[in-house]
Amino acid sequence: MNVKPEEITSIIKKQIESYEHKIQTVDSGTIIQIGDGIARVYGIEDCMEGELLEFPNDVYGMALNLEQDNVGCVLLGPEKGIKEGDVVKRTGRVVEVPVGEALIGRVVNALGQPLDGKGPIKCTQTRAIELEAPGVIERKSVKEPLQTGIKAIDSMVPIGKGQRELIIGDRQIGKTAIAIDTIINQKDKNVKCIYVAIGQKQSTVAHIVNTLTEMGAMDYTIVVSSTASDSAPLQFLSPYSGCSMAEYFMLKGEDVLIIYDDLSKHAVAYRTMSLLLRRPPGREAYPGDVFYIHSRLLERAAKLSDKLGGGSITALPIIETLAGDVTAYIPTNVISITDGQIFLESELFYAGQKPAVNAGISVSRVGGNAQIKAMKQVSGTLRLELAQYRELAAFAQFGSDLDNSSKERLEKGKRLVEILKQDQYKPMPVEKQIIILYAAVNNYLSDIKVSDIRTFEREFLEYVDTHYRDLGQKILDKKELTDDIKGELNTAIQEFKKVFLA
C-alpha cells in the first residue's frame, strides 16, 4: 500500500482549519449531605428556586432552599446509589410535565410518566408545573352551570364553570364519591376531567380507575396519581402537574374539571419537606407559607375571557377534617380561598342520608348565577324548608304537642330529605332533578309514605320517560318552568299518583 505524504498533510491541514476553540462549562456542585429524600449541595452558583438539578443514576432533584453556602434540594426519585461527594449538575430548567390529548385515558405519576402499563405517552408539548394564575382582566364571571348530577348539590349548592368549590368532611363519608359521580356526569358534555390522587392507597386509586373505566368515563379523564408510597416531593408536585395538564385544554377554549383528592395530605407532604429542609415550623408545625401553596394552586382555576377563548378550569378540592372540626388550620385556609364549600356530616351519613350534605353550612358563593332558572324556581325554598325541618325535628324530640302546620312541615321535611337521597355512581340529569324536585316542593308527595318515596321517584321518572318523552327536552330548551310546562308536570304527577296509590 502506497501512502503519499501530501495526502496526509492535506488531511491534517483540513482538521486544523475546521478546529473550533470552544470551552464547555457545566455549573456543578457536590453533595455534602443526603438522606430522607433531601440533599444539600455545595458549589452550585446562580441556582434558581425550583430549578431541576441532575443527580447521578438519572435522578433529578428540585432546588428549594437557596442558602448562603449550599442549596437544599428534594429528590424526585430514589436516593439509592447517590452518596456524599457525588457531582450534581444544573439544568437551567424548571420542572415540566408533558401535556396534550395523548394523556386522556391514561394514569400518570406527578412527572407525567405512565403508571398503567399501556406503553409510552406520545406528547409533543411540555408545560411548567408552576405558572402564574390568569389576572383579573383575563377572567370572566362564572355564568355557565357545571352539573354534578347530585340533586342535593345541583339544587342547593350549584357549581359553575370556573368555580372552586371545596368538598369537606370526615374520613369515609363520601367525599370522593361526590367527585367521582361528578366526573361520570360529564359524559357527552364536552368537559375534560382530571382526577389528582394525593397520598391515596394504591388499591383505592386502582378501584377508582376501574370504576371510571366501567362507566366509560376514562374516555375523557386523566388520572394523576402520587400514592402513599411515593416520596413527599412527588405528592407535593402532583396537584400542580394536574393543573398544568388542565391549563393546556383551558387555553384551547375547552372546559376542564379537576379534582384534588385531597389537599390535607398535600399540606402534610409539604410540611414533611419543609421540616426536613429545616424551615421554621408554625401553627400545627406547618410552615408559614402553607396558605400560599394552596392559594397559588386554586387561583389557577378560572373562566377565561372570550378574547382568550373562553375556556375554564373548575376545581373541586377535597379536605379531610378530624371529628368534624372545620376550624383547624388547613380547613379554614382552604375555605377562605375557595368560592364555597360542600360540607359532609358523619351524623347524616350514619343516619342513612347519602350524600350526607349538610344544607345549613354548605354554600356556593358564585354558583347561583350559573344555575338555570328552572332549577332556581324549584329549589328557591328548598334550603329554608330543610333548615326549618331540622329545627322542628330537634324540637319534636321532646314529645311536645305540635300544631297542624308544624306537623305538616315535619312530614314535608321528611319527604324532602328522602328525595335528596341518591345512590352512588348514579348521577341524574338536571331535567329529571327538576321534575322530581317540583313534585316534592309542591306538596305532591304528602300522601305517599316516606318509605315509598324512593320507589315513587324511580317509577315516576320511568313513567315520564314513557308517556311525556319530550317534557325533559322542553325544560332544557326553555331553561325555565313556563305555565305550559307546569301544567304538563301537574297532569303527569296526578296521572301517575292514581296508578301508584291504587
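Any Cβ shown, glycine's included, is placed from N, Cα and C.
Annotated features in Swiss-Prot:
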type    : residues                                                       : note
BINDING : Gly169, Asp170, Arg171, Gln172, Ile173, Gly174, Lys175, Thr176 : ATP binding site
SITE    : Ser362                                                         : site 'Required for activity'
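Recorded features from Swiss-Prot, shown on the structure.
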{"residue": "Gly169", "record": "ATP binding site", "contacts (Cβ under 8 Å, 6+ apart)": "Lys175, Glu320, Thr321, Gly324, Phe343, Leu344, Glu345, Ser346, Ala356"}
{"residue": "Asp170", "record": "ATP binding site", "contacts (Cβ under 8 Å, 6+ apart)": "Glu320, Thr321, Leu322, Ala323, Gly324, Leu344, Ser346"}
{"residue": "Arg171", "record": "ATP binding site", "contacts (Cβ under 8 Å, 6+ apart)": "Glu320"}
{"residue": "Gln172", "record": "ATP binding site", "contacts (Cβ under 8 Å, 6+ apart)": "none"}
{"residue": "Ile173", "record": "ATP binding site", "contacts (Cβ under 8 Å, 6+ apart)": "Leu344, Glu345, Ser346, Phe349, Ala356"}
{"residue": "Gly174", "record": "ATP binding site", "contacts (Cβ under 8 Å, 6+ apart)": "Leu344, Phe349, Lys354, Pro355, Ala356, Gln424"}
{"residue": "Thr176", "record": "ATP binding site", "contacts (Cβ under 8 Å, 6+ apart)": "Ile208, Asp261, Ile318"}
{"residue": "Ser362", "record": "site 'Required for activity'", "contacts (Cβ under 8 Å, 6+ apart)": "Met156, Val157, Gly340, Gln341, Ile342, Phe343"}
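Other C-beta atoms found within 10 angstroms of the C-beta of Lys175 (ATP binding site) number 25, with every protein chain shown included. In three-state terms derived from DSSP, Gln172 (ATP binding site) belongs to neither a helical nor a strand segment and is classed as coil. Listed in sequence order, the residues Glu320, Leu344, Ser346, Phe349 complete the 8 Å Cβ shell around the ATP site centroid, once Gly169, Asp170, Arg171, Gln172, Ile173, Gly174, Lys175, Thr176 themselves are left out.
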